[in-house]
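Q: Quick one: structure below, then a few questions.
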Amino acid sequence: MALGLKFCAFTQRSTFFVTGFRRKLMCRQLYTDKFNSFAAQVSMTPGLVPDLSFRLPKEVKPLHYDVYLHPDLEKGTFQGKVTILIDVADKRSYIALHQKDLNITAAALNTYDREENFEFDLLELIQIPKYEMFVVPTKNELHAGLYNLSLEFNGALQPDKIVGFYSSKYKDEQNKTKVIATSKFEPTYARRGFPCFDEPAFKAEYTVKLVHPNSDSYNALSNMNVEHIEMNKPSQGLTTVTFAKSVPMSSYLACFIVSDFIALTKTANGLNGRKFPVSVYATRSQHQKGMFALEMGVKILEYYINLFRIDYPLPKLDMAAIPDFVSGAMENWGLITYREARLLYDKKTSSTTQAYDVLTVVSHEFAHMWFGNLVTLAWWNDLWLNEGFASFMQYKSADGVLPDWGLMDLFLIEQMHSVFVTDAKLSSHPIVQTVSNPDEITAIFDEISYKKGSSVIRMMENFIGPEPFYGAITTYLKKFMYHNAETSDLFRILQDASPELNVTSIMDTWTRQKGFPVVNVKKTDNKYILTQKRFLADPDANFDPSESEYGYKWIIPITYITNKMSKPTLVWFDNNAKELVIELKESVDWIKFNADEVGYYRVNYEPAEWKTLDNLLRNQHKTLSVANRLHLLEDAFSLASAGELDYGIAMNMTVYLPLEKHALPWSVASSKLTDIDTLLSSTNFSSKFKTYVKHLVDCVYHEVGWTVSDSDDRVFLKLRTTILSLACSMEHEECLAEAGRIFKSWIRDPNDIRPHPDIRSFVYYYGMHHIGDEAMWNVVFDKFIAETDATEKLKLMKGLAGIRSSWILNKFITTASDDNYVRAQDFFSCLTAISSNPVGTPLVWDWVRSNWEFLVNRYTLNDRYLGSLIPSITKTFATETKLNEMKAFFAKYPEAGAGAMNRAKALETVENNIKWLARNSDKLENWLDANTRRNV
C-alpha cells in the first residue's frame with residue numbers, strides 16, 4: 001500500500017525531513033521460513049526480484065548520507081533520520097538495504113537533481129531478518145538515475161551488546177554514574193545504528209548531525225571536524241552539532257560519540273607544510289594518561305605520511321578511550337576508538353609491557369588510515385589487505401620511531417610464532433577466505449587474517465626489497481584511494497615493481513591455501529638438498545593434497561647464512577620442484593637457513609647439523625642475531641612437538657640459556673617449556689621437569705632480581721618480566737617466596753603503596769597463588785572494585801584468579817558474570833585468567849557448559865570473542881574424558897555462529913594434546929633422567 005506521505009522536492013543533499021513525515025509506518029516482517037511465500041508475492045510486482053541473498057544488489061549504490069542521530073542517554077534509546085542519495089543503474093521497483101534491531105517508522109523516495117523532482121508512492125516495507133535487510137518497494141518502476149531515499153527510525157542504546165550504536169557507563173571522580181553513547185560498526189554493525197548499504201564496497205560521503213545534552217559538559221564527536229553548533233535545538237537543553245562532509249568511506253568506518261570527555265591535543269605535520277590537530281579524548285579523571293599515546297601517535301602518523309608520500313586526508317585525527325569497548329581498538333576514519341587499557345598510559349602506574357601495547361595498538365590503528373580507510377577491501381574475503389598490513393606496519397612504524405625497542409624482533413614472537421600454532425592445524429583456513437554471512441565475516445577476524453597476513457607481507461618486503469616494495473605500496477594506495485581493492489590488484493602492482501618475479505604465482509601459494517611448509521635439509525659434502533612438505537602439529541593427521549589447487553606446496557624464498565657469509569643469500573624453491581640443491585663453493589663450519597626467520601616456514605636439519613648449531617649457541621651464541629637465536633629454539637621445539645625431531649635435540653638446545661641475556665630467546669624458551677610443563681602435569685615426573693627448568697632459570701633470575709631501576713634498558717626490563725614469570729610458574733622457591741613477601745607487605749600497607757608496575761602482575765598473581773587466603777582475597781577484591789584505572793583493574797582481576805581455593809574461584813566466576821562487578825567486555829578475560837589457574841580450569845569449563853545460554857543471550861553467537869572462548873579455556877585438556885565432554889557440549893548446542901571454526905580448532909587441539917602425551921612422555925622422562933644429574 002502507498003504511504004500517502006508527501007515530501008517537498010529534494011534538490012539538495014542536506015535536505016532533511018519535513019512536516020508530515022512523522023506518520024508511523026507499518027512494516028511486515030518476512031521470516032526465513034516464509035521466504036518462498038515472499039517470492040511468490042513479489043513476483044507479481046514488476047521488477048521486484050526475489051532472489052536476494054546476504055549481498056545487496058550492485059545496481060544501487062549510495063553516494064551520500066545525511067545522518068541525524070539523537071541519543072537519549074537517560075532512557076537508553078535513540079531516534080534518527082537518514083537521507084541517502086542513491087545511484088540506480090537499472091530499471092527496478094525496489095530498493096534493498098541493511099538494518100538490524102531498528103524500528104523504521106517512515107520512508108520516502110524522491111527523484112533528485114531533475115528539473116521537476118517528485119516523490120514515488122511506496123508499497124509496504126518488507127523486513128528480511130535472515131539477511132538483516134529490508135526492502136523498500138515502489139508502486140511504479142524506477143529508471144536509472146539519482147534518488148533520495150529518506151528514512152526515520154529509532155532504536156535502543158543496548159549497553160550489553162557493545163556493538164552498533166550503544167551506551168557505555170563509568171564512575172566519575174564524585175562516584176557519579178555517567179553515561180555516554182558511542183558506536184562500533186565493523187564489520188556488519190553499522191546497520192544497527194542507521195539504515196545503510198552496509199558493505200565495504202559501497203563507499204559514500206557522510207554529513208552527520210548529532211544531538212547532545214547542554215548539561216554536564218557533554219559534547220559530540222564524529223569522523224569529521226565540527227562545522228556548526230546550534231544551541232537549544234531540537235529543544236531546550238539540547239545542542240545539535242553538524243560535522244563537515246566526509247570523504248568517501250565505507251559504512252563500517254562511521255563513528256558517533258556523545259560524551260563528556262575532554263581532550264589533549266598536539267599538532268602533526270602533513271605534506272607541503274600542512275598542519276592538523278591530533279587529539280586524545282578520555283574521561284576527565286583520566287585524560288592526562290593519553291599523553292604517551294598522543295606523543296607517539298603524532299610521530300607514527302608523520303612516519304606513515306613520509307613513508308608513503310601520501311598525506312593524511314582528513315582535517316583532524318581523534319582518539320577516544322571508551323569505558324566499554326568490544327575490541328582492542330577500531331580504526332574509524334578521523335575518530336579512532338579504543339579500550340581504555342589500550343590507549344591510556346601512566347608512567348607512574350603502567351608497566352613496560354603496557355607501553356609496548358599502547359605503542360603498537362596506536363601504530364596499528366594509524367596504519368589503517370591508509371590500509372582499510374583510504375584503500376578498502378572490496379569484500380571481507382580480502383580482510384588481510386586491511387588487517388595484515390596494519391599488523392605488519394604497526395611494528396615497522398614503531399621500530400622506525402623507537403629503534404632501540406627491538407620491535408621487529410618482537411614481531412616474530414607476537415605475530416609469526418603465534419599464528420604458526422593455528423596454521424599447523426587442519427582446522428586452519430587460507431588468508432583469502434570466501435565468506436558471505438555476518439557470522440562467517442566476523443569469524444575471519446582471527447590470527448590468520450592478522451598475523452599470517454602480516455607475516456607474509458614481511459616476507460614479501462624481504463624478497464622484493466624495501467625500496468621497490470614501498471614504492472609499489474605507494475602506487476597501490478594512490479591508484480585505489482577512496483576506492484576498493486582486491487588481493488589481485490595488490491599483486492599486479494607489486495609485480496610491476498619486481499619484473500623478475502611472478503609475484504602473483506608466488507603469493508597465491510601463501511594466500512590461497514592454508515598451512516605452511518617445513519623445509520627439510522640434508523647435507524652431502526658441500527651440497528644441501530632441500531625438500532618441502534606441509535607442516536602439521538599432528539604427524540598422523542590425514543589430509544588430501546588435492547583439496548588445494550597447489551597441492552600444499554609453496555614457492556619458497558630460501559635464505560641462508562654461514563660462518564663465512566653473514567649477508568643472506570636468496571634462492572627460490574619452486575612448488576613444482578621435487579627438491580632444491582644448493583651447492584656451496586667451499587665448506588663451512590655451519591649454515592643456517594631462513595636467515596632472521598624472514599620466511600613463513602620452518603626448517604629441519606639432520607641431527608649432525610642441529611648439533612653444530614647447538615654447539616654454536618653454547619660457545620658463541622652472539623655470533624647469531626637475536627632473531628636467528630630465537631628462531632632455532634622455536635623451530636626445534638615445534639618440530640619435536642610434531643614428531644619431526646627428537647625431543648632430546650630440542651631440549652639440548654636449552655643448555656645454553658643461562659648464557660642468554662636477551663629477553664626474546666628466553667621468551668620463546670619460556671613459552672615452549674611452560675607448554676610442556678602444563679601437558680606433563682598429570683605425569684609422575686612433572687616435578688623432575690620443573691626442577692630442570694628451575695636450574696636453567698636460576699642464574700638469570702638472580703641477575704634480574706625484583707628491583708626495577710630507572711637505568712634499566714628496554715631489553716633488560718623485558719628480560720626481568722620474562723624470567724620472573726617463568727621462574728614463578730615453575731615454582732622456583734625463591735621467586736614464590738619473594739612474590740609472597742611483597743604481596744603480604746602490600747596487603748598490610750595502610751597507604752596502599754603498590755609494587756613497581758613492571759612486577760605488579762607477578763606479585764598479584766603469584767603472591768595470591770602462593771600465600772593467598774580468603775581474607776587476603778577479599779582485600780584484593782575490594783581494591784579491584786574501587787579501582788578506576790582500566791589497566792590496573794585488569795591486573796587485580798588476574799591476581800584474584802590466582803587463588804588456589806575452588807570455592808572462592810567459583811564465587812568469583814559467579815560474581816564476575818554480573819557487569820556491576822566486571823564489565824561485559826572483560827568477562828572473557830576473567831574466565832580465561834581463572835582457567836589458566838590449574839585449580840580453576842575445570843571450574844570454568846563446568847560453568848561455561850552450565851551457563852552457555854546466558855552467554856549466548858548476553859553476547860550473541862555472532863560475537864567472535866564468545867567463539868574464541870572455548871579454545872582458550874580448553875587448550876590444556878589432554879584426556880579422552882575431556883574430549884568427550886567437549887563433543888557432548890557441541891552436540892547439545894550445535895549452533896556455533898561465529899565460533900564454528902574455533903570449535904573445530906578446540907577439538908583438534910585437545911586431540912593433539914592426547915597424542916602428544918602418548919608420543920613424548922617417555923622420551924622426555926628418559927632425557928631428564930639422562931641429563932638432570934649432569935646439568936642440575
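Glycine too: its Cβ is placed from the backbone N, Cα and C atoms.
Residues annotated as domain 'Aminopeptidase N-like N-terminal' in TrEMBL: 61-253. Positions annotated as substrate binding site by TrEMBL: Glu186, Gly328, Ala329, Met330, Glu331, Asn332, Arg864. Annotated domain 'Peptidase M1 membrane alanine aminopeptidase' per TrEMBL: 292-510, in sequence order. Residues or ranges marked as Zn(2+) binding site in TrEMBL: His364, His368, Glu387. According to TrEMBL, the feature active site, proton acceptor maps to Glu365. If you look up TrEMBL, you'll see Tyr450 marked as site 'Transition state stabilizer'. Residues or ranges marked as domain 'ERAP1-like C-terminal' by TrEMBL: 590-911.
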Q: Let's check the environment of Glu387 (Zn(2+) binding site): how many other CB atoms sit within 10 Å of its CB?
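A: Taking all protein chains shown, Glu387 (Zn(2+) binding site) has 25 Cβ neighbours within 10 Å.
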Q: Should Glu186 (substrate binding site) be counted as helix, strand, or coil on the basis of DSSP?
A: coil
Q: Are there any residues at least 6 positions away along the chain from Tyr450 (site 'Transition state stabilizer') with a Cβ closer than 8 Å to its Cβ? List them or say none.
A: Trp384, Glu387, Gly388, Ser391, Gln415, Val419
Q: Within a 10 Å radius of its Cβ, which of these binding-site residues (Glu186, Gly328, Asn332) has the fewest neighbouring Cβ atoms?
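A: Fewest other Cβ atoms within 10 Å, among the binding-site residues Glu186, Gly328, Asn332, is found for Gly328.
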Q: Near Met330 (substrate binding site), which residues of its chain come within a Cβ-Cβ distance under 8 Å, counting only those 6 or more away in sequence?
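A: Correct list: Lys184, Phe185, Glu186, Cys255, Ile336, Thr337, Tyr338, Glu365.
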Q: Count the Cβ atoms, other than its own, that fall within 10 Å of the Cβ of the residue listed as 'active site, proton acceptor', considering every protein chain shown.
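A: I get 26 for this one.
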Q: In angstrom units, rounded to an integer, how far apart are the Cα atoms of Gly328 (substrate binding site) and His364 (Zn(2+) binding site)?
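A: Between the Cα atoms of Gly328 (substrate binding site) and His364 (Zn(2+) binding site), the distance comes to 11 Å.
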Q: Looking at Cβ-Cβ distances, which residues of the chain lie under 8 angstroms from Arg864 (substrate binding site) while being 6 or more apart from it?
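A: Non-local contacts for Arg864 (substrate binding site): Thr442, Ala443, Phe445, Asp446, Ala898, Gly899.
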Q: Whole number in angstrom, please: the longest C-alpha to C-alpha distance across Glu186, Gly328, Ala329, Met330, Glu331, Asn332, Arg864 for substrate.
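A: Per the listed residues, the maximum Cα distance equals 20 Å.
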Q: Taking 8 Å from the centroid of the Cβ atoms of His364, His368, Glu387 as the cut-off, which other residues in that chain fall inside it around the Zn(2+) site?
A: Glu331, Glu365, Ala367, Phe371, Gly372, Asn386, Phe389, Ala390, Ser391, Met393, Gln394, Tyr450
Q: Distance check, please: Cα of His364 (Zn(2+) binding site) against Cα of Asn332 (substrate binding site), rounded to an integer number of angstrom.
A: 12
Q: Tell me which of the binding-site residues His364, His368 sits in the most Cβ-dense spot, judged by other Cβ atoms within 10 Å.
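A: By the 10 Å Cβ neighbour count, His364 comes out on top.
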Q: Taking only C-alpha atoms and a 10 A limit, tell me which of Ala329, Glu331, Asn332 are near His368 (Zn(2+) binding site). These are the binding-site residues.
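A: Within 10 Å of His368 (Zn(2+) binding site): Glu331, Asn332.
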Q: Name, in the order they occur in the sequence, the residues of the same chain whose CB lies under 8 A from the CB of Ala329 (substrate binding site) and which sit 6 or more residues away.
A: Ile336, Thr337, Tyr338, Arg339, Arg342, Leu343, Val361, His364, Glu365
